[in-house]
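Taken from Swiss-Prot, the feature transmembrane segment covers 5-25, 72-92, 102-122, 146-166, 173-193, 225-245, 254-274, 295-315.
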Amino acid sequence: MLPTTINSLMYIIPILIAVAFLTLMERKMLGYMQLRKGPNITGPYGLLQPIADGLKLFTKEPIRPLHTSPTLLISSPILALTTAMLIWTPIPMPYALTNLNLGLLSILAISSMAVNSILWAGWASNSKYAIIGSLRAVAQTISYEVTLGIILLSILILTGGFTMQLLTTTQEFTWLLTTSWPLAMMWFISTLAETNRAPFDLTEGESELVSGFNVEYAGGPFALFFLTEYANIIVMNLLTCILFISPGPPQHPELFLINLITKTMILSLSFLWIRASYPSFRYDQLMHLLWKQFLPLTMSLCLLHTSLPISTSGIPPLS
């Protein structure tokens, strides 16, 4: 029992530390892009800012408005963080916590479950702003999961299996980014929408919905939603890295880990750069982009990936 608990903690704590410093990186980057310093008081160069923010949020009194549903209100952020942590289990870094045969499929299934916590949070808040924000988030997440699923299917047809290790083996000689760059481009934009990041941050909608589905949250529960959002950003970028720009063969674990961290960091910084550079989309444009542009494109590319091995009599390797 004790080794299992320690093993899980050793997995969760580094993720939370990475999330904390990603928030600092975002504030620093936004600061420098707006010609200011960003956090620079707490600790050397402001490095202790995320720890101070965390302490402040978790020691604040959790205010619960009278009209809310208490059980769902508290369980939603806990469920959100649990699902965000569960997604990490099948990811090889270079060894996965649980080596699943259907690793990619399980990641897709767990990420779909995260929608429930957002919907519950909006409904339990009993506020019109929160429910509109949560409905937007659910519609957006479910819609973009369609393209993510089709892109994953196309990649799986190329690799010939559902395991994450097979992806690194397939990319020993060339990255899948070079052969499937339209899919990689659409995948990256879909991950932005899936994680509700700018320019697709319509769930927050500061000008109209105050803060979206988490408007009634304060203190600890709000911090849990905050951690969930940034953990999802990192895990999506990890997935992008493994799918399209392989970190290398797992036979060299140290090199694999350094490569994986570096590439994930570059992708995460591009998320922050996009937030600082682009204005928000209108909601109809967001849905138009998916249903009228991405969906036909991904489906046609999926058909192409399916027909190519058959037409050239080259059946993918069976694991």
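Cβ coordinates are placed from backbone N, Cα and C, and glycine is handled just like the others.
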> Have the transmembrane segment (295-315) and the transmembrane segment (225-245) got at least three CB pairs under 8 Å, pairs 6 or more apart in sequence?
Replying inline: no
> Taking a Cβ cut-off under 8 Å, which residues six or more beyond the ends of the transmembrane segment (5-25) line up next to it in the same chain?
Replying inline: 39, 46-47, 49-51, 53-54, 85, 88-89, 97, 226-227, 230-231, 233-234, 268-269, 272
